[in-house]
Amino acid sequence: MVFKNHSVWRKVAMKDNGFVDWTSLPDDAMIQLFSLLNNHDRANLSATCKAWRIVGASKCLWTSLDLRGYKFNITMAVSLSPRCVNLQQVRFRGAESADAINHLNAMNLRDISGDSITEDTLTMLVSRHKDLRCIQVGPDDKVTSGSIKAIAFYCPKLKQLRLSGIKDVLADSINALANYCPNLVDIGFIDCLNVDGVALGHVLSVRFLSVAGTSNTKWDVVSHVWCKLPELIGLDVSRTDISSTAVSMLLSSSRSLKVLCALNCPVLEQDITVNTVKTEGKLLLGLFSDIRNVFSDWGCSNEIMTWLKWILSHTLLRIAKSSPQNLDYFWLKQGVALFLSLLQCSQEDVQEMAASGLATCIFANEGNAIIDPGKAEAVVKNGGVPLLLDLAKSWQEGIQSAATKAISNLSADLNAAKTVSDEGGIGIFIELARSKNRQVSEAATGGLWNLSVGEEHKAAITEAGGIRTLVDIISEWSSDADGVLECSAGALANLAANKKYSREIAIAGGVQSLATLINNCKFRGVQEQATRGLVNLAAHSVRNGPNAREAGALEALIQLTCSPHEGVRQVAAGALWHLSLTNVNREAIAAAGGVEALVTLAQSSLNASQCLQGMVAGALWGLSMSKANSIAIGREGGIPPLIVFAHSDSHDVHEVAAGALWNLAFDHSNVFQIVEEGGIPVLARLCSSSESRKASFMAALALAYICRGRTNELAPTGTSSENTSKSVSLDEARTTALKHIEAFILTFSDPQAFAAAVVSSSRAALDQANERAYILETGILRCSEAEIGRFIAMLRSSSSILKAFAAFALLQFTDPQGRNAVYHASLMLDAGAVKVLRAAAASANEPVEVKIFAKIVLRNLEYHQQETLYLV
């Protein structure tokens, strides 16, 4: 908080030695200081010393309470009650807060405003606070007409009553108001289903009346009744089906009426005669009016203008929330400008509703997911950003929250985000994110979430201490503050997508915070964003050291594979996939129970979305690169679901499933299971018809591994008759597999060109053959030493098909364009592959494909040898 007269107070508090002793300030100065703080900060400051504890308890500082952003219960109310002797105004949200208000012992309460209150609680509240002047409650469908009678009976000094969302407002309740509340001048029955309009004609004291959003009103009857109300000067019928006839009757027959608001009244606006209605010198406001000039051109009393600004801000907010698609022109022409004008009003509730309206109207669709660039531009061009940022610094937390929410939403637009950043919005967001008011913190962290999408803002957020703040927020807020936690985790997830800031998050303890958050908060949005953050951190785990694997991150991710939310399971599987790409992580995941969890997830995802199937298959593929994990996956039952995924029409799914089956097929113990579960036809189908050449290649690799094993190696132990049956089955599978491998290889062959290349062995001829044979997408694949050894062994096979495929595979793995080609070449050279390849290339009896592929591999090895010598 920055105080305007800070320098004056500093001089008063300064001692001769230059030390500033703030406790030496006189009590009246300290009370003024305390009055500029919100209730939470005031309580914290009071706890610093005895002198300030006395000042902070001054009853003059506790005349109003805004509890909407806090968890307020009976325990808190009892602790605050000694300070609430002079409490006059309270604003609350939620049934628990409403119940707790009665325990404040605020006998001088004059003004209450809130929602989600039950009939019994409202009745008890008014029975204990008979000096109430203003009651504003709703929307609440639990409040009935009986509650209105209780209000009338217990609150004879009532001046203002605004209730919304009530089903029925009956005649006997309205008549009770007329009989028991002689000072009632402002009535609002807003968004109610049935209101007895004739009975309202009995409340002769009413000066301002709003029935905005009500249904089932007989306008031809009530217009004749209301025009006889002697004191009525302001009437709001916005968002109703009032007709031009009723409007004309009210304007022409009421002697006292000065303002009639009829915003968003479809029947009235579609009536072509509306412009001919005689206003008799009175003000008629509709969407067809130029409302912008009302505040400057129309002279009226402060009383009328105060009511009118509240009605306009409330009605425009309600219209914005209903998202009518036909009002874009209105928002661009004058709606945005109206909100900005109302922001500059001195009425705090009007400012709050105007800021909330701006935060809502700038969205382009009913789902409130996309910002309308035209509306955002209108806010920016009319100076809305600095105006909102200034309000975000208000000590009134309701205004602070609404203004921050508006800036946060604007930040989702790229152009507006730049303005927000340039005007100092990032620093304000970070400061407000630390607020203990849930609504303020949520709006501020939401702003950081939106801004962190842009790479140009990530550095500014980090430099301003945003990462440390976000990590602290996640650690400090309880798990029921789901909005704050989701926004904070979302912002960290965006920042973690950049490797530089990923490191900063890890250093700040972000991994531990996100992992703990996943364990403690079961809200779907929170889990999705926290998991996404760990995914991004995991993507940089090699660069960031072990931090991405520590602090329970793996355990949290593994636990999330059992989440009831598919989106969370999907992100968790994706994170484990990323992590499984390194040896150390694979071991850690397996040690933490990751193999069992992912197999279980795969088994339960047979009918899940393709995205989830792809992620879990990818994670199993990553883990299966370890022999021990490969065996464990087969043992735990991971092969059947992978075969199902390999049958998917989505190449993104069947590609990673084929990769996993390729790894699994390397181990003899898994081969029979693949055959028995129907894996051969599925892999054969991928070989011949997948749109992904990489998927076809990996399916062929799996088939080649199955063919490579001897029958007595593949068949599991059992009785003699069982083994004979299984051996026959495996022999049939081997025959089918060889047939499809041969067909796959021939798709990369050109017999005429290959035959010419064998004869000439020219560089150009080999280049042409290599261009036809090489699959660019296979460049990311990596083989172990044992796998390379198996391909070299295949070159000695009695099967010419396996020989050709082994040479073809080694061509893919050693091509200079591949990421791991140097590594593969080194393994081959160490294993003596050159001799075997030369024999294959020179053999007179081998098919032309064996010879050409072997020659290309030899050339690749020679290239890598020369490159190695050159580097040395």
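The backbone N, Cα and C atoms fix where each Cβ goes, and this holds for glycine too.
Listed in TrEMBL for this protein:
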DOMAIN    19-65  domain 'F-box'
REPEAT    383-425  repeat 'ARM'
REPEAT    424-466  repeat 'ARM'
REPEAT    465-510  repeat 'ARM'
REPEAT    552-594  repeat 'ARM'
REPEAT    593-638  repeat 'ARM'
REPEAT    637-679  repeat 'ARM'
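Taken together, the residues of the domain 'F-box' (19-65) have an average pLDDT of 66. Residues 511-512, 514-516, 518-519, 524, 527-528, 531-532, 534-535, 537-539, 541-542, 546, 600-601, 605, 608-609, 611-612, 615-616, 618-619, 621-623, 625-626, 628-629, 632 of the same chain lie 6 or more positions beyond the ends of the repeat 'ARM' (552-594) yet place their CB under 8 Å from a CB of it. Residue counts for the repeat 'ARM' (552-594) under DSSP (helix as H, G, I; strand as E, B; rest coil) come to 32 helix, 0 strand, 11 coil.
Helix first, then strand, then coil: DSSP counts for the repeat 'ARM' (424-466) stand at 33 helix, 0 strand, 10 coil. Taken through DSSP, the repeat 'ARM' (637-679) splits into 33 helix, 0 strand, 10 coil.
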